[in-house]
Structure formats: structure tokens, C-alpha cells
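Colleague: Got a structure for you, questions after.
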Amino acid sequence: MQGARATVAGEKQLSLNLAQRIGLVLGPTLCLLIYLFFRPAGLGPEGVAALAGTAWIAAWWVTEAIPIPITSLLPVILFPVLGLGSVGEVVSAYADPTLFLFLGGFIIAVAIERWNLHRRIALAVISAVGTSPSRLVLGFMLATGVLSAFISNSATAMMMLPIGIAVVKQITELRVRNGEKVYPDQEPFSALILLAIAYAASIGGVGSIIGSPPNAIMVGVAASTLGVEISFFDYMLVGVPMFLVFTLVAWRILLWVMPPGFAEVAGSREWVRRQMAELGPMSGEERKVLGVFCATALLWITYPFLLKGVVPGISDAMVAIFGASLLFLIPGGEGGFLLDESALKELPWGVLLLFGAGFCIAEVFQSTGVAVWLAGFLQVLAGAPYFLIVIAVAATVTFLTEITSNTAIAAIFMPIMASLATALGAAPTGLMVVAALAGSLAFMLPVGTPPNAIVFSSGRVTIRQMIRVGFFLNLAAIATITLIGCFWVPLVWGR
């Protein structure tokens, strides 16, 4: 009998739905067809091999033919076999500093949840903005976006994720108390809040030069190749309107594509006040965790200005690991520390593999010339109207960023934009800022941006949900960037 149960359980685990079965075959088939028969002009054999391997990986990611973390290890097998580097060279991408930023942030998030600080923060957020789903979503988007304009998108998403999850739990609990039937596995509100956080972290990144790497790359290339100095204030004349306008656009699209399924929760404010009273004063452990959290956030904000020349090699990742390490050194609880070894079991290691694979693909696209080859398609637009060129640039960069590093794309595209604009007789900085804005706005895949990967790691958002919402957001981003690039940038920059 026990053996029969084990067999049934095993069959259940091994069963695949139709999409997974199709994906299982589609991945290697695409890889083989591209590798054997695709011979485009301007792309060498290594570039074709890179496209072939990436097609296999992308097909399995999208269909979840096998667990996503395992698919994320495919580059370790495929890329050396396809002649794209040794195993050592491939796996080096899985130790990118950004992964350690993730790791440190995850550990801090575990501490926040372990000492129940997230519940206190969540109740404060609900009390401030109310329990209307639309107001909660907008509140999270504005708060996340403002932070992300000055802190890295990854760090912002990492800070807001546990707060978002806590708010979802509290709202769900309140709805259950009011007699609603709530099925967590089928509840769209959780995914709605977390996607709002991820997308707002990316959108907020366009608000300032330091908000996202493409912005800084654009400013640097403009200064070095064109002799044009774009000040912090100059950039914000474009970035802040883009942030504000597109936050509202994204908010409406999120509510349209993923309606929350409920309205204002009756009796919510009174219940929140009672819950906050029941929590009582903050415990010593809560204060210590909050102190580490705030110190880490403060360092993320200030180190570029205060510590860059004082602490050699300081970075977002170093700050994150420093904050995480403190949690294992500060006393807490009964003779122990705020965190112990058991916290490591709660970390989403799979997302680190996912993001490592994304870095690996980005490096291969650069080294084999795939990224330059893809960008080269824009050269055929030299005789087209400026409006169409802006649309093409925004669309190309947005969708390329879904599968490769926005930093790499920005580094490749900025010189091309400068030369293309010169050939058109247009202002080079106009096309460059279009590419910079588009490089921060990729919403369809977990590997598209770090915030996407962070919220995906929570297990509360599926790839299908992200693709469904992200596709419409990508289209809206292209339209908004086009309007900004064609009408607003010439007005405020005059160049």
C-alpha cells in the first residue's frame, strides 16, 4: 500500500501539462534548427551557436518544461558544447556581484520576517493608504518608484518585497474575517502587488542618473563622444516626467489586466488599529533588525557620495553582504543571534541560478557579436522619419533587454544611437535618451530586470502572469518613450 502511494505521488510529480510537453520538445528542436540552418549575414558561427543555445533555454523558461532553476543551469552544459567557452568561463557569470546583492537582500528579508517586523510595517502601510486594492497598488508603486530613483532597482525591490508580502497576508486575513472565501493559490491580488513593486522599481530607475545603469552610460557616452554634458538636473527634466507619467499608465494597465477581485474591505481601518495596538511596543530584536535594514538602505543611498573614495571597491553587493553579515553577529533571542544557520534554508537559491543564467547569456551575446548584430538592424532605418526611428529604437531595446543585460545593451547601443542620429541630422542625445529609458523598462520575463527576478523568487508570481501583464506594459512603454522622445525631450533639452 505504501509502495502504491509512493508510485502515485511519483506519477503526479512527473506529469506534464500540454505547454510543458510542447516546450520540452520545442527547446532542443529550435536549438538544432538554428544551429544547422540559420546563416544570417553579418553573424558568425559562434553567434549562431549563441542564438541556438539561448532559444533552447528561453523555450524551457517560458513553458517551465523542467523546473526553472534547473533550466538555468543549461548554459553550463550547452555553451561549452556549442564552443562558446569553457565551463570555468561560463560559470563565472554565476558569481556576478549582482547575485551577492540578491543574496544579502534575501537574508535581510528573512530577518524581517523572522522577527515579525514585516507585520508591523505592513499594518503601517495599510493604515496610511487604506485597503482599497487600487490605492494599495498605487501607493506601493509610488513609494517603490521614489526609492528606486536614488537606490539601485534591485535593492529597492529587495526592501519592498517583504513589506508587500506582509500587506497581502494582512488583507487576506481581514477578508477571511469578513466571511469571504479566499483561495490563496488562485488569488490574483498577491501577484498584483508584487508585480507592482517589481515594475515600479524599474520605472523609478528612469527618474535620475543614478537610478539605473543605462542612464549613467548615456551621460558618460554623451560626454566622451559628443562633448555634451548632461547634468543631474538636466536628466531629471526628462526622467521625472517619464517616471510620473508611466507610473500612472502602468498602474491602470495592472488593474486592467489583473483585476484584484474585491473592493474596499469593510471595517478595515478599525481592524488595522486593533492589530497595531495588539502588537504593542517594538521588541529589542525588532529594533535591531530595523536598525540593520535602515543602515543598509542608508549606505545604498549615500556610499556613492560619501564612501566611494574611502572604502576601496565599495558597491551595492558589498553593502548588502555587510548588512546580512551583521544579522549573524548581533545578539538576539535566547542567548543566540538575530539569525542562525537555519535562515539559509529559507533563501530562494533557485533565483540566483536564474539570474546567473541571464548574466551568462548577456556575456555570450556580447562576446559572439549577437548583440551588435541585433543592434545593426537599426542602421536600415537611416532614411525613415524620425518618429518611426524612435519607435524602432524603443521597441528593439525594450525587447532585447528581456533576454540580456540592460547595461550591456546600453553600452552597445549608445554609440550606435549617436552615429545614427548624426546621419539623420538629428540631436544625438535625443535617440540616446530613448535607448536609455527603454533599457530600464522590460517587464515580460524574470531575467529581464533584477526586480522581475526578485519578485518571481517569492513563488507568488508565475512566468505566465509576468508575460501577460508585461507584454502590454512593454507596448505602453514603447508608446510613452516615443512621445517623450519626439515631443518632450526637444522641448526641455533643445538639442
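Backbone N, Cα and C define each Cβ position, glycine as well.
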Colleague: Match it up for me: which of 129-148, 149-168 does TrEMBL list as transmembrane segment?
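Modeller: Per TrEMBL, the stretch marked transmembrane segment is 149-168.
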Colleague: Does the structure show the transmembrane segment (149-168) and the transmembrane segment (289-306) touching, where I'm treating 3 or more Cβ pairs under 8 angstroms (sequence separation 6 or more) as a contact?
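Modeller: The answer is yes, given that the two segments have at least 3 Cβ pairs within the 8 Å cut-off.
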Colleague: With a cut-off of 8 Å between Cβ atoms, can you find at least three pairs linking the transmembrane segment (70-88) to the transmembrane segment (430-448)? Only pairs 6 or more residues apart in sequence count.
Modeller: no
Colleague: Is the transmembrane segment (430-448) in contact with the transmembrane segment (230-251), using three or more Cβ pairs under 8 angstroms as the rule and ignoring pairs under 6 apart in sequence?
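Modeller: When sequence-distant Cβ pairs are counted, the transmembrane segment (430-448) touches the transmembrane segment (230-251), since at least 3 lie under 8 Å.
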Colleague: Same chain only, please: residues at least 6 beyond the ends of the transmembrane segment (380-400) with a C-beta under 8 Å from a C-beta of the stretch. Say none if there are none.
Modeller: 371, 374, 409, 413, 417, 420, 423-424, 426, 430-431, 434-435, 437-439, 441-442, 474, 477-478, 481-482, 485-486
Colleague: Between the stretches 289-306, 351-374, 469-493, which one has more Cβ pairs under 8 Å with the transmembrane segment (94-112) than any other?
Modeller: 351-374
